[in-house]
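To start, the structure itself, in structure tokens.
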Amino acid sequence: MLLCVPNEILAHIFSIIECEDVEGGWDTKSSYSALLSLSRVCKRFRVIAEFYLYRNIFLLEDDADEKWLQFARGLQRDPKRGLTTRKFCSQRYDPIAPPNFLRFLTKYFLRFSLSPDRDRIPPGLRSLRVLLLLLMPDLRHLELTITDLKSTPFLLNGTFESDEDYGCYGFETNEESPSYKGIPNIFFFRHLESVTLRSYDDNLGSPIRGRTFSGILNHPCVKALRLDGFAVWHCTCMRLNWGKAPSNLTRLDLDNCILQPMSLKRILEKCRSLTHLNMALTGSGDVKDPTHNSEDFGIVLREHGRNLVELSITKPMWDPHIADPFNFIGPLKELTVLKHLSIGRLNFVGPIDDDTKKDITIHDALPQSLETLTIEAEVAGCSCDLYRVRQTEELVCNTLTYEQLPPGLKQIHMKMPPGPEARGYEVNEAAELGGWRIGKKGLWVRRRGEEEYGVIQFITNLIAATGEATATPYFIYRLRDAMLADPTGRRILRARPRISSKTLSLEALRALPENSVGRAYVGWLDREGVSPDTRATVRYIDDEECAYVMQRYRECHDFYHALTGLPIVREGEVALKAFEFANTLLPMTGLSIFAAATMKRSERQRFASIYLPWALKNGARSKEVINVFWEERLEDDVSDLRKELGIEQPPDMRDIRKREREEKKRLKELREQGL
């Protein structure tokens, strides 16, 4: 059918697939896979799809070598395709370019060098990855996995041997600072916006060349840089002021990296526009190694990090400095624009302030601009881990109880270690607990007491486990696919919202208009005397996404009650389960229908004649109720939502049961009177 569609419409369809559509839920890699499949349908599709395939190129670790050659042949046939490339991601090693591709690129090498040997590719330039990149001058996003120190030498470590007339405008060197001969080849990509470099070396902390690091930080267009698995030594940052152009870097992520305090100082001096800094540091294991001296890092941050808006500092469990009682970042009050801070408690505050000679608390270390704070109770693999968790908890308790926190602080998150000692903590949000005041919310953090595990709890857990066991392997995947096929369902899967008394303000819902969805929901909760916090957590579905779908179904169950008006008596629950079975096809909802056998005779007759036909008819013909974004529909008219979903409201079960009770009472009185 698509073969009869004009090329203009096909191009528009392919462009929609290629876009990163938030509403539709596409990501770049899945779009690439879809376009690749379409390109194999026929020659006509291939011509149109290849234009978009070359916009985002992914060479993943498990891809075959043929994929490299496929792109090389495509660029050899039409070099203009490289001008459309905006993102290049390579997780593979560097294959050697085939001879025919070297001969082809020789004709284009005049654009890259004015050396006497410009009529041939330099002997050291044989990497197919680099040669492909040289044909993509308008690249915006670059992601490379570097296998060793000699990987991609021409691109990252080499320099153009050229005079001032060759493409150097805006990249002039700074005569007052130590410089390099020539210009780092990373400047060839004049529009580059983000760079991600990962070390493929098994040993953490592979050295990164100074010219590489200097070239990226001096690039006037690069705004985001991420390094994974490298060692950024002081000598690496010696020539960061090499270029005259100011650095526009706003985000720097150092994952699994070794960093020295002087390196951080030079980076912050060069990158005055840096606002987001994430340092996930690793260590060399030497206790005398100064790379992770927290005290020196604190001095550098207070002096040069005053433009930071977001700061995250994490260190490994086995860092020898993590247990040093005198090695702290110290107060960060000087960071006057900092809004988001994530840091380990043992690396944050110390026992005594040198100036005031007082005990330092978390309050003393926080800037007044802070909005969110994440405190991690670190572990170091020793027997005192649980003691440290409790010590962190005690410090947070004392701070929140007795100190005045920054006025804008909205959230404090205590991150506990993932071991079994971390279980047994709960965070409740309730003013009646007399908790700490954070903004307008009262929070209480305490250890959870021993849970009572009675018969009712056992039966509830058994029903929940049966529902999860019978939903796999087919039915929960069908429900997930139904969400993926719907734009709203895809947004729900991407955002993964939760429904509880913490995410929904019941007081605000009570203030909504009488006929609104939110008012109907909270009115049903009040009338039935239930809470949105009673849904069990999914435990027996391995797939993370499917587990969320099941959790979402459970948490939305009360909304279905409010939508249909069915009460939580046995008859109403069975009717709603029949509706859910026709709509979701989950087996447990179908099995629940057999509970009708336990009803009274009049209830069974009413269920069979009224509510079972209604449930099966409306559940089958209505839209998938799992795709309703309830959090966004709270102010909508509940009647309009029923009409939109195609659901008829059933007869009011409460009124029917009330009339029957009154009729029975009247007949009883008549019999007693002998009438």
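Each Cβ is built from the backbone N, Cα and C atoms, and glycine gets one as well.
Taken from TrEMBL, the feature domain 'F-box' covers 1-57.
Residues or ranges marked as Zn(2+) binding site by TrEMBL: HIS557, ASP558, HIS561, GLU573. Of all the Cβ atoms in the protein chains shown, 22 others lie within 10 Å of the Cβ of ASP558 (Zn(2+) binding site).
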Remaining residues near the recorded Zn(2+) site, that is with C-beta within 8 Å of the centroid of the site residues HIS557, ASP558, HIS561, GLU573: PHE559, TYR560, LEU566, ILE568, LEU576
Among HIS557, HIS561, which are binding-site residues, the residue with the most C-beta atoms within 10 angstroms of its C-beta: HIS561
Neighbouring C-beta atoms (10 Å sphere around the C-beta of GLU573 (Zn(2+) binding site)): 16
Local confidence of the domain 'F-box' (1-57) - pLDDT mean: 51
